[in-house]
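**Student:** The domain 'Integrin alpha first immunoglubulin-like' annotation in TrEMBL covers 380-537. Residues or ranges marked as domain 'Integrin alpha second immunoglobulin-like' in TrEMBL: 538-674. Feature annotation from TrEMBL assigns repeat 'FG-GAP' to 29-94, 103-163, 204-268, 269-328, 332-395. TrEMBL lists 868-888 with the feature transmembrane segment.
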Amino acid sequence: MAKHLICCWIWALVALFYFEQALSFNLDISKPTVFAGPPGSYFGFSVAFFNPDDKQLNILVGAPRANTSDQTPSTVTERGAVFNCPWHKSGSCTQIEFDSTGKMQHCQMEFKSNQWFGATVRSSGDHILACAPLYQWSTYGLSEREPVGTCYLKKGNNIVEYSPCRSSQLISDDITEVISRYNKEFFTPYGNQLSTKSAGAQYDDSYLGKPVCMAAYFGHSVAAVDINNDRKMDLLVGAPLFMDRGSDGKLREVGQVYVYLGKGGFTFNNVIKLTGSEIYARYGSSICSLGDLNMDGYNDVAIAAPYGGQFHRGLVYIHNGRPTGPNPVASQVLEGTWASASMPSSFGYAMNGGTDVDQNGYPDLIVGVFGADKAVLYRARPVISVNTTLDISPQILNPEDKSCTLPGTPTTVSCFTVKYCLKANGKGAPSSLHFQVDLTLDRLKHKGAIKRVLFLHNKMSHYSKNMTVSNSQGPACEELQAYLIDDSEFRDKITPISVFMEYSLNYKAAADKTGLLPILDQSTPTNVTKQAHILLDCGEDNICKPDLKLSVVSDQKEIYIGDDNPLTLEVTAENGGEGAYEADLTVTLPSQADFIGVVRNSETLSRLSCAFKKENQTRVVVCDLGNPMKGGTKIIAGLRFSVHQLSEQDTEVKFNLQIQSSNQFNNTSNLVSVVTKLAVLAKVKLRGVSAPEQVFLPIANWQPKENPVLEDDIGPLVQHIYELRNTGPSTFSKAILDVQWPYRFKNGSLLYITKFEVDGNMNCSSNRELNPFIDKNETSASGDGCVCIKCMNYYYGYCVSTQECGNAECQEIKCWVGRLEKGQSAILFIYSRLAVSTFLKVKSIHLNDIASLKVIWNSENPQPVPGWVVALAVLAGLLLLALLIFVMHKMGFFKRVRPPQDDSIEKEQLQPQENGDRNTEA
């Protein structure tokens, strides 16, 4: 395990190393040369290359706030200095002495403290020019100071000061001649000098330059370079305070560089604008010509944003030239990594390039970081261009042409040749370059998939080799044999067989004596791909064009919510064209459906091979139709599904079916959508029972009271129970159970409700207040009152009268039934008292009292179910009023012996019969 982890770390470090090499181009950021100056001296405010003897180049760095060495009188503070730094020795800079004089002894005419000597440094050959722009001069007898500035020119040990604005008298801005003294032997005359006359005072406050927005600092930096290689100089002008509107419409300071492509002379084409991307980064503060940095034939430029990047440490963008001007996308971005505690490090505020300091044939770049008192030298790495070729022969593989033999076996296979070549060319690169070449066969097949072709010598799909290529010489080549495995081992015959070649440079082996590594040209890809095809029965062009058709029929037009609904789709797949390879029937399932299987009990239906898959949260069933599905094929099959988990929000179930193949053309059939409607089917049963079922009057040992106090004083308890049950399969809700209860006839009460209760998802209310003592006249008639009930029918000699809401007053109990799932019930319990005093006044009547019950069902989703379900609820307890009265003996034809009236007989009569319940279904 430990060895495995060590190997993983080693490979990770190697990959990181090569990744860093690939990220940068072609300035070396891994080992830059960093020069440091005195703290707080603004070392790096100006930079330049210095080549005194054409043998070794050095770096000149200005430090305008530096205090000079001990040889300088202490009367001058922060005189400024210029340092000479050998490029190959970090931190070995020495100060160059230009002026060691101090103040004048008798009268002070010049002021050298804080003069910022070294703010400007230029070099040409063995000449060094250094200036102090804040140098001040005072004329005799006057106390004013004139910031005239001064410059020193040094060649070897000869130094001369040049300050054209300093003289023995005051110089106004309208004098065109400057009195100056210099050594004629020191300067070399140059005849092509060009000078301009001073403009008049009327132009002092005018806005000069190109018409750009105000306060952008247009012209803060300027560079002239032929960036498009048309032999005409182009002009780049920086405007670091340029403001642009962002996506939110607000102005933001991003900086901009204007590129004017020259047409010859002082005329230019339309401007090209390079805009910064970071706010307050001051993009365009400095612009530097680099020369041809990557040896592509076009000069390149560096543009600084000294306050951009992480922690505002500064960025330098490298823009490569091209025929149309600078590439707006930087090929490389140098990032400042030096911080300053008191001020921004200002990485890139000063730059100088276009000089080959290490003599490797590529120009290098110096970047000043005066806020951190640093100067950084970035050397250009040699660029290696690689030309690669990859050939496959033949490009059409015939599985039947088996001309090769697997090594060590008698098995013959169909084979082909893979040949690759590398040719390298790089200025300044070693004579021999070492590459690693990797070949991968059938790369379009993902990892873990069956590779259809393998190399003949190792029976693998991958091959690696270390190859040595001579720089700027002929190509290095290798030829390999590969073979096609048996076509019974794979299905895909349409997808091209891709041969992928990739190479990488061994950077360490190509390093020069200073450790500088070359780099591959980023404009050339490091890989190449070629393709071969398997020979198909598709005509001369080897391209199959099928004609796929699909039709589907469902055996269910409607399914019910809440039920386990089996559903069968009969599929007819046809191909009227050429062969369809890897033809599959794809069925996209709805969330409510599950795949059961293929119908196999029918001789007319094909038995497909199907599999359930899940692709990106999409559930599909894929059935194999053949490889290939030949032209003229017609397949009829049945697929069985189970549809469940339906909700009331669903309105339909949708299956999408399509034939798909791997062919390049006509690879799919028409898309068929099978939609099955959803319906609600809820079977509701209503049952009722009365306890007791029958009441016989008069009741033994009980006498009615004229003014009842207790419920028992009214009469016996009569309880009705009504159950509303959903037997499914669907859920229903928002039903209304309406009970019409006959409680009063004429001036006498019948059944007086005392209370009701519910069990289940149901709420009930009554249109009358439930109070047995609210009106005593309802429970007992006056002494002279008479209740007259008309006899409607005779039953076994008894007069039978039905009291319903048509001839009696009814009390309404309305119940709102909530959601009832399959198998759930809602039960209503009604408790009432039989008004016995009313019935004792009736003579010779056998009364049958029936109450009607209505159920009103409002479905949330109207479905093909009857809108109103009306159920007749029979008053389960037949309220039999046995009024046994002797018939007047004048009517002697009817003689009857009164039965004995003992307590045991009365209790037996009040018990409900076992089969006395009456049920009503709706």
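Note that Cβ sites are derived from N, Cα and C of the backbone, with glycine treated the same way.
TrEMBL annotations: computationally assigned, not manually curated.
Surface or core, plus neighbours and distances: that's what I need for these features.
**Tutor:** Taken together, the residues in the domain 'Integrin alpha first immunoglubulin-like' (380-537) have a mean pLDDT of 93 on the 0 to 100 scale.
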**Student:** DSSP on the repeat 'FG-GAP' (332-395): how many residues come out helix, how many strand, how many coil?
**Tutor:** 3 helix, 33 strand, 28 coil
**Student:** Count the residues of the repeat 'FG-GAP' (204-268) that DSSP assigns to helix (H, G, I), to strand (E, B) and to coil, and report the three numbers in that order.
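**Tutor:** Secondary-structure composition of the repeat 'FG-GAP' (204-268): 0 helix, 28 strand, 37 coil.
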**Student:** Could you tell me how many residues in the repeat 'FG-GAP' (269-328) are helical, how many are strand and how many are coil under DSSP?
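**Tutor:** Computed counts for the repeat 'FG-GAP' (269-328) are 3 helix, 24 strand, 33 coil.
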**Student:** Looking only at the repeat 'FG-GAP' (29-94), what are its DSSP counts of helix, strand and coil residues?
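**Tutor:** Its residues fall into 0 helix, 23 strand, 43 coil.
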